[in-house]
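Q: Just dropping this structure here.
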Ligand code: LLP
């Protein structure tokens with residue numbers, strides 16, 4: 001019923017996740033609610049480790065910053081791609097090894113660079129200016145920071161324009177034509193040790209070909225760096241592998257990605273006589289399909305379409321609103337019922353764009369029903385906000401038939417936090 005997602009089943013009319021009834025979870029923890037399968041998460045991580053046995057897998061923390069989830073991924077031997085001081089703190093708390101972290105970002109502050117140097121994590125420099133900042137910061141601290149360079153390879157990947165990052169028009173990375181010069185500069189600077197190249201061409205990419213193109217470009221550039229006497233200890237090919245959000249979509253597996261890029265990497269290394277550490281930075285393909293977003297139906301309204309008003313909207317799952325993203329939706333308490341018509345699932349937020357799922361064939365939906373939105377583990381909770389005075393919801397982890405709370409739901413204090421009313425206004 002759910003393709004390769006064998007952690008999801010229909011049992012006795014209800015949806016289950018790893019054998020735990022989703023309707024029961026909604027009763028116990030309330031809705032809205034995020035629910036993650038630990039087994040699925042571990043399987044996804046292992047699929048990467050198996051496909052790339054020699055590579056380091058750095059989980060992209062922006063996809064999911066839950067500490068319990070990061071802890072599980074650390075147990076599976078993954079490191080992390082962090083994009084801010086906040087994310088670096090998270091992975092440190094999750095017990096990830098600092099030598100398996102890459103500090104990414106296109107506009108890091110001096111404080112963030114200082115923190116990276118102090119933590120002895122490698123930095124990916126996104127511009128010449130950032131290289132200079134890092135060199136100054138590290139020299140002042142009497143340290144030498146290992147630095148890789150984010151290449152903009154100008155590779156086109158068919159994906160939503162807001163999540164394509166490898167085009168020359170994107171804000172990310174150093175244009176590939178300038179990489180060798182920047183590397184040369186780095187080789188003469190104090191406080192930095194250039195160690196390699198990094199790229200990330202975009203997200204939700206459903207074709208292996210652009211990854212192969214980018215890998216070939218990266219190996220070509222590595223060759224030019226070797227020619228000027230530079231050392232290449234690390235080659236990071238980024239994340240971006242897509243997943244099958246819609247039932248009819250087919251997404252490449254980590255094995256298929258490996259079949260595409262490993263030969264390019266290995267042949268390139270052989271040709272150049274180098275043996276760098278290969279790194280990948282998957283986010284979505286590790287965590288997305290492990291997690292459901294569970295919402296309760298407040299109202300059903302028959303207007304020009306049938307609206308299902310649920311208790312969580314783009315405040316908690318922004319992807320449909322931001323990228324017109326498709327997320328499959330099912331009625332978790334009516335899994336044995338046939339579809340009777342089209343429904344449009346909308347959240348409680350005061351914006352017309354707050355639509356989670358449009359024109360879906362569903363069984364008859366009534367107030368009190370429980371809807372599950374699939375594949376919500378990546379860029380779901382991590383992009384949630386408290387817009388419209390809606391506190392963020394709890395997260396639950398399912399493992400071996402048990403459900404454990406891994407994040408408490410917020411209350412009103414979430415949107416009061418940090419606010420100050422000057423005394424003069426209290427008179
Ligand atoms: N590495 C870097 C440098 C990145 O910028 C990203 C994602 C990744 C790795 C992980 O990419 P993934 O494997 O998850 O595709 N909010 C959007 C996606 C934004 C991606 C940002 N960068 C969405 O919900 O589709």
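Every residue number used here counts from 1 along the chain in the order it is shown.
The backbone N, Cα and C atoms fix where each Cβ goes, glycine too.
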Q: Taking 343, 379 as the options, which does TrEMBL list with 284, 319, 323, 351 at the substrate site?
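A: So the substrate site in TrEMBL includes 284, 319, 323, 351 plus, from the candidates 343, 379, 379.
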Q: 281, 282, 283, 284, 379 bind pyridoxal 5'-phosphate according to TrEMBL; which of 229, 230, 240 goes with them?
A: 240
Q: For ligand 1, pick out the binding-site residues 240, 281, 351 that have a CB under 6 angstroms away from one of its atoms.
A: 240, 281
Q: CA-CA, which of the binding-site residues 240, 281, 282 lies nearest residue 351 (substrate binding site)?
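A: Closest by Cα: 240.
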Q: For the domain 'Orn/DAP/Arg decarboxylase 2 C-terminal' (289-377), would you mind checking the mean pLDDT of the predicted model?
A: 98
Q: Please report the distance from the Cα of residue 379 (pyridoxal 5'-phosphate binding site) to the Cα of residue 323 (substrate binding site), rounded to the nearest angstrom.
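A: So the alpha carbons of residue 379 (pyridoxal 5'-phosphate binding site) and residue 323 (substrate binding site) sit roughly 12 Å from each other.
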Q: Restricting to the record's substrate-binding residues (284, 319, 323, 351, 379), give me the longest CA-CA distance in Å as a whole number.
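A: With 284, 319, 323, 351, 379 as the binding residues for substrate, the largest Cα distance is 27 Å.
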